[in-house]
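As recorded in Swiss-Prot:
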- 3-256: domain 'OBG-type G' (DOMAIN)
- ASN12, VAL13, GLY14, LYS15, SER16, THR17: ATP binding site (BINDING)
- SER16, THR36: Mg(2+) binding site (BINDING)
- 278-361: domain 'TGS' (DOMAIN)
Amino acid sequence: MGFKCGIVGLPNVGKSTLFNALTKAGIEAANYPFCTIEPNTGVVPMPDPRLDALAEIVNPERVLPTTMEFVDIAGLVAGASKGEGLGNKFLANIRETDAIGHVVRCFENDDIVHVAGKIDPADDIETINTELALADLDSCERAIQRLQKRAKSGDKDAKFELSILEKILPVLENAGMIRSVALDKDELHAIKGYNFLTLKPTMYIANVNEDSFENNPYLDRVRQLAEQEGAVVVPVCAAIEAEIAELEDEEKVDFLQDLGIEEPGLNRVIRAGYRLLNLQTYFTAGVKEVRAWTVAVGATAPKAAAVIHTDFEKGFIRAEVIAYDDFIQFKGENGAKEAGKWRLEGKDYIVQDGDVMHFRFNV
């Protein structure tokens, strides 16, 4: 699995249209609030041209991309943290995701109602962020009450956790984001179990009309806000994505060329998600399968091996490694070996994006 991204936004911003396009799940995308009731989940293959290039050389029995999971959360409204709209249940669903994709409406269309009666991306973002902060505030206050008793009895872990929660409490009281608080590695690890919503990496998916990727004041405003937060912005046109999703691969290429677009918005969303979560891809390439795997940037070879199977990490001996560019240039493993580009790496090796790897292990 690549990662799980919860798609949030106000009702009628294009959330479900985008989700349908990304996953071809075909859930209802009606023009009225709350048409998403249970969270819909879709697993999407990660588009990566490198995988096809490797497969052309190796000619395997099958090709397996890595994947990304999208969860379409019902449209949030002001008061969701207090049970308004469809309430707390949906905030709980977001907690289970690794990142948040916040869909923001950056287009005008009189036929599609806006829940607030006007198009104002800054206001929309504030509404959602406030609800997420209020939900975190509730969790934080309850955790503080629980921890105070343990901290008084001398529990060191409880004292440490309490000190972190007391640091983030005033930020949440002002509807701020926990991710704006400077927390070190140990502090982040200590509060990981709370799954705080405002700590999750966030990207803004700006839903625009097909002719308003440029010179769009709504999009400019989202970019301005995202820059202040250190968040990523991905402009897409959900309506175009919905059309692309219905086409065969060859038709897609022609359709994109006609529109002057290089690739579907899905690719941009996934790449942004990868950057957001500090992820990268490595490959395994054999006659049975050529496959992409997702690991964290900075992962060691044994950690990369564990993605395939935990036994690979436990019994790790060495990793055979060829850089992707070398594998392509020298037409596979044998050519790379002859060119001196095949190498053996130990347990401290830091995996690089695109590495073609084979693990030696003994259990």
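Even glycines carry a Cβ here, placed using N, Cα and C.
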Please name the residue among the binding-site residues VAL13, SER16, THR17 whose C-beta has the most neighbouring C-beta atoms within 10 angstroms.
VAL13
Check each residue in the chain of GLY14 (ATP binding site) that is at least six apart in sequence and keep those whose C-beta is under 8 Å from its C-beta; list them in sequence order.
VAL103, ARG105, ASN207, ALA238, ALA239
